[in-house]
Amino acid sequence: MAAFVEPHFDAWQAAGGNLTVVDKVPPEMLHMIHPHWNQFPPMNPLWHSILGFAIFVLGMVSMIGNGFVMSIFTSTPSLRTPSNLLVVNLAFSDFLMMFTMGPPMVINCWHETWVFGPFACEVYACLGSLFGCASIWTMTMIAFDRYNVIVKGLAAKPLTNNGAMLRILGIWAFALFWTLAPFFGWNRYVPEGNMTACGTDYLTQTWLSRSYIIIYAIFVYWTPLLTIIYSYTFILKAVSAHEAQMREQAKKMNVASLRSTEANQTSAEIKLAKVALVTISLWFMAWTPYLVINFTGIFKAAPISPLATIWGSLFAKANAVYNPIVYGISHPKYRAALYQRHPWLSCQDAQESSHDNQSTVSGATTATEEKA
């Protein structure tokens, strides 16, 4: 990373070392800037251009993809199931993430600093935290619903529309609590080192400020991660045991396979579990850089440069692009409905359309039939 900074650092030294990354910040923002950033020269404008272009592309792909997901899942009767309400909520959160955060960041990259004032900086950071928290807990609820369906089977209590709505309301209330706390003095929202985005303050060394990041990470990163790992560990165990029973029964009956329509449907349900696992892994890949940056700051584990903070912003916002792509590629009924409305997308051929008659997101039907 130092290699990216050195060429611009030479120009900084040639100018007498007087220019810093803070110089372009509007005067009314200076009280929010930590002294740590005063030691760094301005970032090369090329990095601002690259970041702005990347956020623009990610924003367009995310809003179009998540728009398709929300439209098709809510307007297709066979997809309006309780479990799919969680999928719609995930797409809604991801859509708002890029709708509210993409344009401001592109504009700031053009100006190479934050230009919207202190309050807009706080709102921007709050919205990013809100939609990020809502997304991860929605993903957690989807994973737990898969666990409930595949592992518990007939013993599971089916998810209802009311139950799904209560979970969604709980997710947003929980996210709102954590994201409003900095407005009341528990940590604060400040410009990041690249000065084109805002986030939590991970450089102030008071324990009141540190405690927010530590506790927030426990409830919004580590707890969901452990819950998801637990859910998918038992899902994979249940799938493995089921496949072993199928092979054993086939041997006893002296047939090559016991696969039937119900079994094929179960395979689709299992496929969704794998897809959801991949999606969640991508989410954590997106948000881990932010976690590393925040913990590096509060524990002073290593110096943080403005260039390093770019990757936190970029990877976190890329999360909003992954989900519609993964569901669009792997979800048969979604793919069929998308092809029916937009044949030009070529998302499904005719033969596949005639065979895809089971939603892999819908919920307990498949697993219940298989268990029975």
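Including glycine, each Cβ sits where the backbone N, Cα and C put it.
Nonlocal intrachain contacts for the transmembrane segment (46-73), taken as residues 6+ away from its ends with a CB within less than 8 angstroms of a stretch CB, comprise 4, 79-80, 84, 87-88, 91-92, 94-95, 97-99, 102-103, 105-106, 109-110, 112, 194, 196, 307, 310, 313-314, 317-318, 320-321, 323-325, 327-328, 334, 337-338, 341. According to TrEMBL, the feature transmembrane segment maps to 46-73 (among others).
Model confidence over the domain 'G-protein coupled receptors family 1 profile' (65-327) stands at 86, taken as the mean pLDDT rounded to a whole number. Among the features that TrEMBL reports, domain 'G-protein coupled receptors family 1 profile' is placed at 65-327.
Annotated transmembrane segment per TrEMBL: 85-102 (among others), in sequence order.
The transmembrane segment annotation in TrEMBL covers 122-144 (among others). Residues 83, 86-87, 89-90, 93-94, 96-97, 100-101, 104, 116, 167-168, 171-172, 174-176, 178-180, 182-183, 188-190, 197-200, 220-221, 224, 227-228, 231-232, 276-277, 279-280, 283, 287, 316, 319-320 of the same chain lie 6 or more positions beyond the ends of the transmembrane segment (122-144) yet place their CB under 8 Å from a CB of it.
If you look up TrEMBL, you'll see 164-186 (among others) marked as transmembrane segment. Away from its own ends, the transmembrane segment (164-186) comes close to residues 82-83, 85-86, 89, 122, 125-127, 129-131, 133-134, 137-138, 141, 200-201, 208, 211-212, 216, 219-220 of its chain (Cβ-Cβ under 8 Å, at least six residues beyond either end).
According to TrEMBL, the transmembrane segment annotation covers 213-236 (among others).
Look at TrEMBL and you will find 275-293 (among others) tagged as transmembrane segment.
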Requested in this report: For the transmembrane segment (213-236), find every same-chain residue at least 6 residues outside the stretch whose CB is under 8 Å from a CB in it, and list them.
Outcome: 132-133, 136-137, 139-140, 143-144, 146-147, 150-151, 178, 187, 200, 202, 273, 276-277, 280, 284, 287, 291, 294-295, 298
Query raised in the report: So which residues does the transmembrane segment (85-102) touch in its own chain, when a touch means Cβ under 8 Å and the partner is 6 or more beyond its ends?
Result: 55-56, 58-59, 62-63, 66-67, 69-70, 73-74, 124, 127-128, 131-132, 134-135, 138-139, 141-142, 145, 161, 164-165, 167-168, 171, 317, 319-321, 323-324, 327, 361
